[in-house]
Amino acid sequence: MASAPVLQPSPKRTVASHVPFADLCSTLERIQTCKSRPEKTKYFKDFLDSWRKFHSALHQKEKDVTDSFYPAMRLILPQLERERMAYGIKETMLAKLYIELLNLPKDGKDAVKLLNYRTPTGSRGDAGDFAMIAYFVLKPRSPKRGRLTVEQVNELLDAIANNNAAKNKGLVKKSLLQLITQSTALEQKWLIRMIIKDLKLGVSQQTIFSIFHPDAAELHNVTTDLEKVCRQLHDPSVSLSDVSIMLFSAFKPMLAAIADVQQIEKQMNNQVFYIETKLDGERMQMHKDGDVYKYFSRNGFDYTQQFGASPVDGSLTPFIHNVFKSDIQNCILDGEMMAYNPETQTFMQKGNKFDIKRMVEDSDLQTCFCVFDVLMINDQKLAHESLSKRYKILSNVFTPLTGRIHVVHKKSARTRKEVIDALNEAIDNREEGIMVKDPMSTYKPDKRGEGWLKIKPEYVNGLMDELDLLIVGGYWGKGSRGGMMSHFLCAVAETPAPNEKPTVFHSICRVGSGYTMKELYDLGLKLAKHWKPYNRKDPPCNILCGTEKPEMYIEPCNSVIVQIKAAEIVNSDMYKTDCTLRFPRIEKIREDKEWYECMTLDMLEHLRSRAEGKLASKHLYIDEYDEPQEKKRRTVPKVKKVIGIAEQFKAPDLSNVNKVSSMFEDVEFCVMTGMGRYSKSELESRIAECGGSVVQNPGPDTYCVIVGAENVRVKNIIASNKYDVVKAEWLLQCFQSKMLVPWQPAFMIHMSPETREHFAREYDCYGDSYTADTDVAQLKEVFSRVKDNKKMPLDLIAELEERYSWNSCKLCIFRGNTIYVDYYAIINKPSTKIHGTRLSIRALELRFYGAKVVPLLEEGVSHVVIGEDHSRVKEMKALRRMFGKKFKIVSELWVTESVKEGVPKNETQFLI
């Protein structure tokens, strides 16, 4: 058994406390290096068998043993980890930590290798593989023999995650130092991959599960709990008799496959089928048992805190608790969480840069659960029942309440024409698409295409407008794309004078999908000799970029035009055009066009203004030639195309993302809104591709909230002051650099108190570091953020005061408080203001000393100040019970005493 003097021994006997971490690493190394699948399987099975054998010897006479293979499994499949919080560490941060902890010269060869791990060096083919590069840097500096056990590694990783959550960087470094000083270079290579959550084993998690136990994958699908899988299925000879959906246990939802419009009748077995609108919200499952509710996202993350655990809290549960039929004790419902606008009586779409995941009580929009399936009713499990029967049961579960809980409307059909009519109607309504479902289908967790199909306009050739864009920039790839350009920055041309060629190009989007590795390689060869490093300090004058900058650029005359297909054009300040494309994909290289024949700004504006930016501008008509035709209102004819599913949309299915890297391994995000070319769902898909996890509402494990465009929900999240709210630009930079980019003030929309305190010590309010050198380009960027606002918002004043420790100033003693003064005869009727009372003076004092005084008693108020008249206090307390955040009711003495002493007095002694 390996020893580690710096760590406390485990109080309980476990296999993990006896197994050297080196044994696990050597097994992983053998699995990765061998080529054949049987060999890989054998190495893992041998390790697993030895673990189980030792387990039997260790616990032979014990009962109710909870020790299992979980400590090893969570390291082998780190992307499925749910218990441990985010590490907050990716490649670049690891590189900086290694440079610091190993005392490497910052400009030295090894430090440069670590920091620029994605840049090809011409030596080994390790470009983009940080763990391999780190291995060769660490090899001469690391101990020859490791001293850690599997259990100790997990304890140190727990410490890193916990200290990252507590924003304690010092303790994070301390734990990392213990890992470094007690691990060999080989062990650290695998530690890095575990932290980044991309082991690159060349074997799928499905294979790992199947070797562990025949029922493992199925149990994980209905529980999303790796520890439960390892504990319940420790004995490979014991089978689960009933692996099924359980109340209050998150399951992976059933998914839809892409439909072939031409074959839809055959795919539905030439029988009657259902057509539903495909909702553009967040997939959510609701579990209810009496007054207890739980909500889970499609990835098994818990959003109960946001939507409500009981009838008295959350943005949804209080409004729907009473709509359930009296005989319903418990149930599990599957559906889509949407944002509903009661004024227009419409649902918000993701393209509107709105995200339901973080919405709380809101004056403009409200949470609405659109239910399309029921999986349990009064302890009766229904997954094995047909969809038609489940629909009948669903109709008797609750009474729909407009804007709060709906049953998704369906209609029966049996012909292709009815499907096409429904799709055309969805196009006209600017909806995402339609669903087609087999009435006889049963519910199969995590299965795709088992009777459920989806059709979106972008899946059908001929229905979307394509854009001919010029490649002007590139980004180095990582992993299998290491050493080549894997993503491209595309641009449109400034409209030239007649018969002139364009000279200036504006960036519009970054694209990284739609092509095979061979196509990417061929394109790379074509452009290879023309790439030049992009210098942020001295960018090319003919390529204008927004905040999204390429790593390399190419002169327009040496580049090629690519045909891009996308869902829609959306606003974005990341690109020079102030807009970008949602779900862009390269269809083909336009070999028939010269570089100067790309789309112009005028053409872009025409597309952008039409159909609210949607690029699905045509109706689908099936005639004898099966060709799509233009809508009648269109006047410019297009070339007719054969109808079918575009090939590039078959592989990258956004609703079933395949992991391509471990950049965000163990990092939990809450994406509220998208930006530019990246919609909310695209950002979530990219996060999933990078190994991260996405929740619909933030919780204690959420690393940060990603925001592209601010809205009412974002403001409510900021008002809660619990989470770090970060611009989507930061996420895009992470994607661009293939690592977790350290936060800078420019990325932050709102900071939690801990983060704000950290930033106040290192940056000024415009993002200029107190200690790091600043170049001209960075300084210009800082200056661009200095706004000449005549009136500074109170929250910004409060942030500045806190950041620079000005909050001890006597003029800001009430800063950060939103206060309602009780000088209105009727609550929430400003026209009934009572004049000539002392409270009018108190209100002036509150404003003078930094408070925000409001005329309405609503969500967000922190204090209510009462004078001599207490007649309205009872009504205020009744209102307070309905609020998510409770306000304090204090006497006016709290104001006068605080002003007198120059500090905010504790409200306790002034409460009413």
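Cβ from N, Cα, C; glycine included.
Mapped onto three states, the DSSP output places K454 (ATP binding site) in strand. Residues or ranges marked as ATP binding site by Swiss-Prot on the basis of similarity to another entry: E276, T277, K278, L279, R283, E336, K350, F372, E432, K437, K454, K456.
Under a cutoff of 8 A between CB atoms, and with a sequence separation of 6+ in the same chain, the neighbours of K278 (ATP binding site) are A426, E431, E432, G433, I434, M435, K454, I455, K456. Secondary structure from DSSP puts K278 (ATP binding site) in a beta strand. For K278, the entry in Swiss-Prot reads active site, N6-AMP-lysine intermediate, with the evidence type sequence analysis.
In three-state terms derived from DSSP, E336 (Mg(2+) 1 binding site) belongs to an extended strand segment. Among the features that Swiss-Prot reports, Mg(2+) 1 binding site is placed at E336, with the record citing sequence analysis.
The Mg(2+) 2 binding site annotation in Swiss-Prot covers E432, and the record cites sequence analysis as its basis. For E432 (ATP binding site), the count of additional Cβ atoms within 10 Å of its Cβ stands at 23 [all protein chains shown]. Under the three-state DSSP scheme, E432 (ATP binding site) falls in the coil class.
Residues or ranges marked as region 'Required for catalytic activity' by Swiss-Prot: 615-625.
The annotation domain 'BRCT 1' is assigned in Swiss-Prot to 659-748 on the grounds of sequence analysis.
Swiss-Prot lists 809-912 with the feature domain 'BRCT 2', giving sequence analysis as the kind of evidence. Across the domain 'BRCT 2' (809-912), DSSP classifies residues as 38 helix, 18 strand, 48 coil.
Straight-line distance linking the Cα atoms of E336 (Mg(2+) 1 binding site) and R283 (ATP binding site), rounded to a whole number, equals 4 Å. Long-range Cβ contacts of R283 (ATP binding site) within its own chain (separation 6+, distance under 8 Å): P253, S297, R298, D334, G335, E336, M337. With the fewest other C-beta atoms within 10 Å around its C-beta, E276 stands out among the binding-site residues E276, E336. The helix, strand and coil residue counts that DSSP assigns across the domain 'BRCT 1' (659-748) are 32 helix, 18 strand, 40 coil.
The average pLDDT for the domain 'BRCT 2' (809-912) in the predicted structure is 89.
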